[in-house]
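Here TrEMBL flags B:4-113 as domain 'STAS'.
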Amino acid sequence: MKEKITVTSNLEDLYLVRCFIGNAACRAGFGESETWKIILAVDEACSNVIRHAYNGKTDRNFEITVEFDDNRFVVHIDDAGSGYDLRNHRAPNLQDCIAKRKAGGLGIRIIKELVDEIDYQQVDNRNKLTLTKHLPLEAANA
Amino acid sequence: MSNFNCTLRTIEEFSILDLSGDLDAHTASILEKKFQELIENKSFKIVVTFSNLNYISSAGLGVFMGVIEDIRSGGGDIKFSNTSDNIYQVFDMLGFPLLYEFFDDESEAIEKFKTSNVVS
C-alpha cells in the first residue's frame, strides 16, 4: 500500500498531514495510542520542514508518502528546503528550554522517542527524511 | 482545517483557560497571546484545562515553557488539569511533571493554589 499527499509550507496544512497519516495508520492496523504517536512524530517533522527547512516561507510545498505492509509503516517526507540531519541533533532538556524561553529541538526529541527508525538523505538538492514504525505483532498477524 | 480555542474564565482570583481543538505549530500563537494578556494584567494564578483538547505538539508545550518564568516570578504558577492519556503522554515524554503540577480537575488545582498560600 503506497499513498502520497502534497501540502504547502503553510503551518495550516499540518492538519491535513495529521488526517492523512492518522487515516493510513489506522488502516495499517495500529491502535489508537500508536496511531497518535505516529501522527505526532510526523507532525513534528513536517513542522520542522516548514519552520526551518523553508524558514517560514509559506509558498513552497513538500511531499509525504506512506508505505505499509504487514510489518512496517514507513513515512517519507521530501522537501526542497535547507537540509538538516536530525539524527545528529542533541536534544535540549526541559530546564534549558525554560531558561531560553523556547522549545527548540524538543520536536526532534519527540520524533526520536516515537518512531523505531530514522533515515535522512540529501538527493538532488532534496531532503528525504524517512520515519519507520514497526507494526505490533498482533496487528501483523490479524 | 484545524480549530483551536482558548477561553478564559475567572474563579475568585484564579484564571482558568479552557483549551479545545488542536494546539499545534499553527495555533500555538493564539495561546501565547492569551498568556501575554494575562501577564500584562498581572493574572499570575492560572489553571489550564485540557478536557476538550484533541491534540498537542511541542509547539504548544513551548508556549508553557516560554511564559512560566514570568508567571512564577509574579508570584503565580500554571497548573494543568483534565489531561487525557494521549495529551499527558506528550508532557510526560518531555519531563513536564518534574516542573509543573497536574491535577484531575480544576478544583483540585485551585485548592492547591489556596493551600500553597497558607503561611504556617
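Placement of Cβ uses the backbone N, Cα and C atoms for every residue, glycine included.
TrEMBL annotations: computationally assigned, not manually curated.
Here the domain 'STAS' (B:4-113) is broken down by DSSP into helix, strand and coil counts: 49 helix, 38 strand, 23 coil. Averaged across the domain 'STAS' (B:4-113), pLDDT for the predicted model comes to 96.
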